[in-house]
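Report on one structure; see the data block that follows.
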């Protein structure tokens, strides 16, 4: 009985072969479950298969962007191209007519800005002496108003009366010149051409409308600015605002540049404003020296209208580089009608002064403020004078200097950094 029970229990136990077969079945089931989990992996939004951790199983396929159409490939659409071209032309014409309509206002703004840049070094000088900027601005503006009031009270009446006397005296000057030995000698050498030129010159000088054209439009620009008290007041008010708000204007202009480039832009802006301000001051100093020399020579030599000619010298010599030569011709020609000997003396002395100005005074006064090659000065003065008269000639040189500063400080370093 006991042996039978023992035999039954041994028969119920699985053999080793049965246990191995069961383990193989379990392992096969686990492999099937793992394969099913691998097949159920998730995908990203781009359609790339990834694991449960989000790691892509293969590199994504990036479709190349279609080539961007250039300007010339769009010309095959005639209607759209013609519409854009017409719209651009209309915008350009509108801007041109707007600028022409606002020419007087732009002249006011340009002169006020130049005056502000020229006065800013004086304001900073007072600031370095301990004066606050508002009080420094007020002091400089009051000094400017005092100078202008002195000119209006003492000089303008003399200039107006001498212009009228000049127009009346021209016919008698021409008649006396035509009766002189100098005219007889010139007529013997050049024939009737001298008489024709003299008659044309007399006709030109006796026309009051042509007086403003003397000096390449210098008096015309001055008359357009000083055409009324309102124009002078507008320029003074704009100058006051520009001088008072110049740091704020620089600050807001620098805000247009990226933050990382603002220190560099601030340095370049300071260089440009310092150059323009020094240039304006230098040109005023040189023009004042020319005016004082003309007043002295005309008074000592007994030549006509010394205050008028000194004023003309001041206005004309504001034109860079060629202003002194131009006034030398004008001053000598006018003196020749009245006093040929005095005209020759004036021509010689003024010629000597021009050499001193070119090689001694100008380098000391101007080169510290602005450095522009002489060829660019001539080209800029001629181009600016042709476009805008005296104002264009004045603006051309500082604009050229500003462009040179930008080229040296921005463009050249970028080109040097390229391999």
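Count begins at 1; order follows the chain as displayed.
Including glycine, each Cβ sits where the backbone N, Cα and C put it.
Look at TrEMBL and you will find 1-22 tagged as compositional bias 'Basic and acidic residues'.
The feature compositional bias 'Low complexity' is assigned by TrEMBL to 44-59.
The region 'Disordered' annotation in TrEMBL covers 1-59.
For 78-99 (among others), the entry in TrEMBL reads transmembrane segment.
Annotation comment: TrEMBL describes 105-123 (among others) as transmembrane segment.
Annotation comment: TrEMBL describes 135-160 (among others) as transmembrane segment. Under 8 Å from some Cβ of the transmembrane segment (135-160) lie the Cβ atoms of residues 115, 119, 122-124, 126-127, 232, 236, 239-240, 243-244, 307-308, 311, all in the same chain and six or more residues away from its ends.
The transmembrane segment feature in TrEMBL is assigned to 225-246 (among others).
TrEMBL lists 279-301 (among others) with the feature transmembrane segment. When Cβ-Cβ distances below 8 Å are used as the criterion, the transmembrane segment (279-301) is approached by residues 114-115, 117-118, 121, 307, 309-311, 313-315, 317-318, 320, 323-324, 327, 331, 335, 339, 342, 345-346, 349-350, 353, 357, 361-362, 365-366, 369-370, 394, 397-398, 401 of the same chain, each at least six residues removed from its ends.
Residues or ranges marked as transmembrane segment by TrEMBL: 307-329 (among others). Counting same-chain residues at least six beyond the ends of the transmembrane segment (307-329), those with a Cβ under 8 angstroms from any Cβ of the stretch are 155, 158-159, 162-163, 166, 214-216, 218-219, 222, 283-284, 286-288, 290-295, 298, 347, 350-351, 354, 357, 374, 377-378, 380-382, 385, 390, 393-394, 396-397.
Marked as transmembrane segment by TrEMBL: 336-356 (among others).
The feature transmembrane segment is assigned by TrEMBL to 376-407 (among others).
If one looks beyond the transmembrane segment (105-123) by at least 6 residues along the same chain, the residues whose Cβ comes under 8 Å of a Cβ in the stretch are 99, 133, 136-137, 140-141, 144, 221, 224-225, 231, 234-235, 238-239, 242-243, 246, 273-274, 276-278, 280-281, 284, 391, 394-395. Tertiary proximity for the transmembrane segment (78-99) is limited to same-chain residues at least six positions away from its ends with a CB under 8 Å from its CB atoms, namely 106.
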